[in-house]
Structure formats: structure tokens, C-alpha cells
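Attaching a single structure in C-alpha cells format; questions to follow.
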Amino acid sequence: MGLLAFRDVALEFSPEEWECLDPAQRSLYRDVMLENYRNLISLGEDSFNMQFLFHSLAMSKPELIICLEARKEPWNVNTEKTARHSVLSSYLTEDILPEQGLQVSFQKVMLRRYERCCLEKLRLRNDWEIVGEWKGQKASYNGLDLCSATTHSKNFQCNKCVKGFSKFANLNKCKISHTGEKPFKCKECGNVSCMSLIMTQQQRIHIGENPYQCKKCGKAFNECSCFTDCKRIHVGEKHCKCEECNNIFKSCSSLAVVEKNHTEKKTYRCEECGKAFNLCSVLTKHKKIHTGEKPYKCEECGKSFKLFPYLTQHKRIHSREKPYKCEECGKVFKLLSYLTQHRRIHTGEKTFRCEECGKAFNQSSHLTEHRRIHTGEKPYKCEECGKAFTWFSYLIQHKRIHTGQKPYKCEECGKAFTWFSYLTQHKRIHTGEKPYKCDECGKAFNWFSYLTNHKRIHTGEKPYKCEECGKAFGQSSHLSKHKTIHTREKPYKCEECGKAFNHSAQLAVHEKTHT
């Protein structure tokens, strides 16, 4: 075999592609390049064609090595000359399909080249395993998307709505949404969208195409995001867990064998749906789903449940017991699932993304609620006044206006509230605590939602628009009040004289006339 060229073991990036890498990825690149260089030198291969890389970078060999060892940015040196030379030359296109681009990890490219060179004596780093471990530790890293931002910085700002984005692609999506244009139309169902990606995904649903297949479990998906979520399940701590015996397996194939053994032992089958169980007691519990039977009743409020664990969880509402504590901030929860969701606040993980606007959430329920903003769906309707809500909890809270129920009482002044969060907010009046501060003007607030509303004064954002007259508002409550002008609704009634008002503030002023 001829002299080994540095290009055979090097992965090069253009200035534009270098900008897409985050600090951790750049650090990995430097470590690999320097170690491979030292390994080649130690084997006496210092006569290989190093001039390829160094000439492309328009600098001498010592300068580049010093630059990398000093952990400086290689593309900051001699920018004018390097701008004329794209180091990512045809050598990469020999190994990578054009449509893959940067979506090929460091490891895959390097392993291909090492195998091609047959370097049995050369001990090069096995970065496939290294990054596999790194990926498990760094949840935000995605080995198949080097351009994804792994930090929480938002360097791209929309000049229309002043929103910040960590990805340039998301900024482009935001700009298109402001124009109101939806040039992409699905030929099958006629749906329109402002993004071609959504239309591509839509068409895949119609034709049944699932191009993203998981090598671990064999599942196929029509969206890359769903494929990514599947991979996260496999690399997680409990990626292949058997629901029957709670054992965890390294591979899904091992899990499949165990699950098959469980299935063969299941002799108790439900006549209603065909599901099988290995214990008669489990089948009995399952049948309650079909019959609607709820034998476990709460002695406090009379609410019934079909399973005893559900009753146990419910009782914590009355006892205020919260056994699950966050190690990060000390906050406690009554359910383990609530703690799991809360932990994502600290990790910054937002795995649930809206296909319409690109906004991400740390809970699937929040995404479901958010989608109703785009669809305008309000499935929860008040039987008293007909008002509809996007979330069931909002309806429950609203009903207390009609019933007058205020179960949460302040121990300081005796004032009662319809919701526990209102009591928490009220308590800050006594303590004087205002933890939420505006970065623009320094004004502080005792509730985060007040800060969010206040920020719109600086940005000029008015996201809540009246469908009747087109008037826009910075707060949803202002829109709700405004709508009563069109509907002539007066839900706030004086108990003394029966006079009705469309705003609670007006009722409060009126009530003072009686006192």
C-alpha cells in the first residue's frame, strides 16, 4: 500500500459547516485530529501527504498544530485566504451521499476510512463508542444532526415578532408564518401549509411511506422527529423494559424473546378484546375497563376508581401527601409522573414539537393544548353559560364562578380563592416576594404570567385577536373582556339587587354602593 494521506483519516469542514458545530463537537473534532496526527507521526508516517490539508487551510503545518493544541478556532486564522478554499472537497462526497450532508456523524465517516485503509497496526480512537457514551450523558446531543444547537442560546431573532431562535431554520419558519402565505398544498386532501416539510410528511401519511426505520426495534416512521424519539428510548436508562417482569434488556430482540415467553404463559384471556393475562386476578381487574365498574371509592369525596392504585394516588389530594421530591430544587409531587415531567425544566429537554410553528414543549399534554391555538378547538364547554375552553382544568376553574366555590383559604387574612395557584400568588402580597424580574426595565412581579404579559409592552406583541372586529390584545383576559361587547354577555351578577355586568371589576365597584 502507498503512503497514507492525511485525508484518509481526516474529517474536514468548511467555515460555514464549522459554524454549525457546537463547542462539544468542535472539541471532539480537535481531539480526534490531534490524536490521529500524533499516531501517524509515531509510526514514522511523517512523510505522508500532509500538504493536502495544510495547503487547503492556507497555513504551514506547525501553525495548524499549534492552533489546534491551543484550542483556537482554526477558521479564525487567515480568513481571507481560507474563504477561497472550501476544505470540504470531493473527498467527503466519495463517502457521503449528497442528500445526507452534515447528517453523517464523525464516527461513521472515520470508521469507513479506517476500514478502507486496512490500518491494523494503527491504534486510532474508536470514537463510535466514545460518542455513544457522550450521547447518553448529553441528552441534547444528536449524533445525526450536527447542525442542531445543543445549547440554549437563541442567536437568531425575528425582526417581526422579536422572538429568538437557536436554529436559523426555525427563524425562517417564523418569518414565513408572518407573511400568511401557504404555498404548499396536499394533492390528496387539499390541506395547505407554509412549510414544504409539513406537506412532505402529510403526503407520506396518504401513501403510507415510512422512510425512517429504527435499526434497534424495526419500527418505521414518516417523520424524522418520531424516529429520533424512538432512538432516545433505546439509548435511555430504561430503553428495553419488560412491562410484565420489569427486567431491563440491552436489545429489543432479547426483550421480544422474553415477552414471547410471557405470552405463552398467559392462559387467562379476555372474551371482550382478546387480551391475555397470566393471572386470573389481573384479568378480573382488566374486565372492569369494559364493564365500567369502579369498586374503589374515596371516603372523603365519594369519587370512584376502577383500580386501587388510582384511589391511592387520589387520596393524596386530600392528605396533601407528596412523596416524590426533586433532588435539584426540592419541589415535591404527589405522583412520580409529575416529578418526571418537572425534571425536564432543569434539563431543558423539550421533546414534543409542534409541526405548525416549530415550538417545543417538555410535556405532550402541553403540546396538545398548544395545537388548539392553531385549530381554534375548544372542546370543554360550560353547561351554565356556554363558554368553551381549550383545557378541562380551565373549565373546572370557570365553573367556580357560577358555584361561588373558593376552597383555597389564606391563613394570614382569611381571603379565599377558586384555585390553589391564586392562593400561592396571593401569599406573595404578605411576604412581599417578587421573584420574576423584567430584563428590560427592571420591574418585578410576583407571578410569572404577569411578567410574560408585561414583556409584551416592550415587544409590542399582541397575539390575541378578536374574530369579530379584528382588534388585537396583548393579554387573553383583555380579549375575553372585549368579546362581551359583541356578545352583550353580562356574567357577573350582583346578589343584592340582581344587576348584571360584563366585567368583574364593574361588579366590584357596584357592590361598594350597597355597603
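Just so you know, the numbers here start at 1 and follow the chain as drawn.
Note: Cβ is positioned from N, Cα and C throughout, glycine not excepted.
When I checked Swiss-Prot for this same protein, it listed these features:
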{"type": "DOMAIN", "residues": "4-87", "note": "domain 'KRAB'"}
{"type": "ZN_FING", "residues": "156-178", "note": "zinc finger"}
{"type": "ZN_FING", "residues": "184-206", "note": "zinc finger"}
{"type": "ZN_FING", "residues": "212-234", "note": "zinc finger"}
{"type": "ZN_FING", "residues": "240-262", "note": "zinc finger"}
{"type": "ZN_FING", "residues": "268-290", "note": "zinc finger"}
{"type": "ZN_FING", "residues": "296-318", "note": "zinc finger"}
{"type": "ZN_FING", "residues": "324-346", "note": "zinc finger"}
{"type": "ZN_FING", "residues": "352-374", "note": "zinc finger"}
{"type": "ZN_FING", "residues": "408-430", "note": "zinc finger"}
{"type": "ZN_FING", "residues": "436-458", "note": "zinc finger"}
{"type": "ZN_FING", "residues": "464-486", "note": "zinc finger"}
{"type": "ZN_FING", "residues": "492-514", "note": "zinc finger"}
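Map the listed features onto the structure and describe their local environment.
If you take every residue in the zinc finger (212-234) and average the pLDDT, you get 70.
Panel annotation: around the zinc finger (296-318), residues 285, 288-289, 334-335 of the same chain, lying at least six beyond its termini, place a Cβ under 8 Å from a Cβ of the stretch.
Taking DSSP states H, G and I as helix and E and B as strand, the zinc finger (324-346) has 11 helix, 4 strand, 8 coil.
Helix, strand and coil counts under DSSP for the zinc finger (352-374) come to 11 helix, 4 strand, 8 coil.
Counting same-chain residues at least six beyond the ends of the zinc finger (408-430), those with a Cβ under 8 angstroms from any Cβ of the stretch are 397, 400-401, 446-447.
DSSP states for the zinc finger (436-458), grouped as helix (H, G, I), strand (E, B) and coil, give 11 helix, 4 strand, 8 coil.
Residue counts for the zinc finger (464-486) under DSSP, split into helix (H, G, I), strand (E, B) and coil, are 11 helix, 4 strand, 8 coil.
Taken residue by residue, the zinc finger (492-514) breaks down under DSSP into 11 helix, 4 strand, 8 coil.
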Just give the helix, strand and coil counts over the zinc finger (296-318), going by DSSP.
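With helix first, then strand, then coil, the zinc finger (296-318) has 11 helix, 4 strand, 8 coil.
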